[in-house]
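In what follows, a single structure is set out as structure tokens and then discussed.
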There are 2 protein chains.
Amino acid sequence: MAAELGALEENLGLRRILLFVEYDGTHFAGLQTQAQGERTVQQELEAALARIPGARPKVWPCGRTDAGVHALEMPVHYDTQDRIPVERIPHALNSLLPSDIRALRAREVPLSFHARKSCLWREYRYRILLRRMPPALERHRVWWMPHSLNLIPIRHALEHLVGLHDFRAFAVKEERNTVREIYRAHLEVWPVEGGQEVWLEFVGSGFLRGQVRSMVGTLVEVGLGKRDSDSVRALLRGGSRKEAGPTAPPQGLYFVRAGYEPYRR
Amino acid sequence: MAAELGALEENLGLRRILLFVEYDGTHFAGLQTQAQGERTVQQELEAALARIPGARPKVWPCGRTDAGVHALEMPVHYDTQDRIPVERIPHALNSLLPSDIRALRAREVPLSFHARKSCLWREYRYRILLRRMPPALERHRVWWMPHSLNLIPIRHALEHLVGLHDFRAFAVKEERNTVREIYRAHLEVWPVEGGQEVWLEFVGSGFLRGQVRSMVGTLVEVGLGKRDSDSVRALLRGGSRKEAGPTAPPQGLYFVRAGYEPYRR
């Protein structure tokens, strides 16, 4: 009874905050803290929360991004007993965060809500810059290549990826359950000075570690004529990692957004 | 006679190369070297040329950009007696340059050609990001503001700027001749996640030191309703610097390109 009262008191006024953050992944060893001494997005967020009296300095991110990978709107949740009005939270945190992480918006969610477990879909984008010479300005933002890509077979291969599949061939490490569902796989082309930019966009229930970058590496091989688009279908029917293409470099990858309602195209 | 022969021999096989470079101005104290010990684009280009046997390690840029200002295609010329085929020069230089400067293309020009003196027009772009929260990814690429801007009076003010005018009110330091001609002053709007991006584009015969950023600072005041668009016309009819708006921050400014043929819209 006393313990229960203690727990009640301890949680008095406890709120769970869902925070959406943008970050430039260039100077981070990734989103999640894995080893001490590495600069991670999680570590910076927790250091900022530690300076807010009442906030518990532990964040739960929706996804996981590797070193060099960016996020336009990554949801994370944390618990707090502070009294900051929810619409002021992003401003309060931005005054404590380094400039390569920005809090964009926040909302209060039930204590049963979980940024990762409650998430129903995630969207990723991969940017490829096709032009003769490498970029100075976008060097940490795109995968540059001096070749041209044949987009027709890439579009064809993207169609194979949509649906419920075993993505084992695209996992960078062993995972128990490698079945995921991709709801949308889309190619967009933008003209840029002296070339074009290709965006590969994926929405899915979830993605294996390294899956998007392995799919992109494989799709680029399709676009270069090194493999045909049907080989992607074969990979989904029981291929191994070494039969898939290389892992695309991190700086072209963006976590775009996550959804907490069922995905609708 | 001996001296003439000496000069002839010294210039044997001398070529003047016009090189177009892109750079990320974030970590430079500007394009031109002014004080020792500062990291400048010029200093890096000259350090790279010093490693090419036969090249004279002195570059002549078309324009001048301040610390933090970027360039998409800045022309510079230099002289060389090396034997590198002109189409290989950008590759050779990129292997010697830091990644925030990229040589894009090169061509041989007559020895009478001068990257700055032969230039007939220059194009600048200024990027303003309008959205509620500051950006992490574009923090060194745009001027962010949380307000909205009224674009109609800005467009009106831009019309006043076109033509041959005395731009003294927009000069950051005293200059002897402050008359310049603006051929084009244009506003472009792009939708972006959670807001919009406004591009202010200027093409002119030349620009005074700080002119583009002072014009942008003044135009932003017009868009915020702090001054009316006719005040811009008044500034061109003999205003002083302190009557114009503030100097916009450097990171939103891009030297886009220069022209060596008369400007045609």
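A Cβ is built for glycine as well, from the same backbone N, Cα and C atoms used for every other residue.
Feature annotation from TrEMBL assigns domain 'Pseudouridine synthase I TruA alpha/beta' to B:21-116 (among others).
Reduced to three states, the DSSP call for B:D66 (active site, nucleophile) is coil. Its Cβ taken as reference, B:D66 (active site, nucleophile) is surrounded by 18 other Cβ atoms within 10 Å in the chains shown. Under the heading active site, nucleophile, TrEMBL lists B:D66.
The Cβ of B:Y124 (substrate binding site) has 24 other Cβ atoms within 10 Å, all protein chains considered. The substrate binding site annotation in TrEMBL covers B:Y124.
The domain 'Pseudouridine synthase I TruA alpha/beta' annotation in TrEMBL covers B:157-261 (among others). The helix, strand and coil residue counts that DSSP assigns across the domain 'Pseudouridine synthase I TruA alpha/beta' (B:157-261) are 34 helix, 35 strand, 36 coil.
Comparing B:Y124 (substrate binding site) with B:D66 (active site, nucleophile), their Cα atoms are 13 Å apart once rounded.
Here the domain 'Pseudouridine synthase I TruA alpha/beta' (B:21-116) has a mean pLDDT of 96 out of 100.
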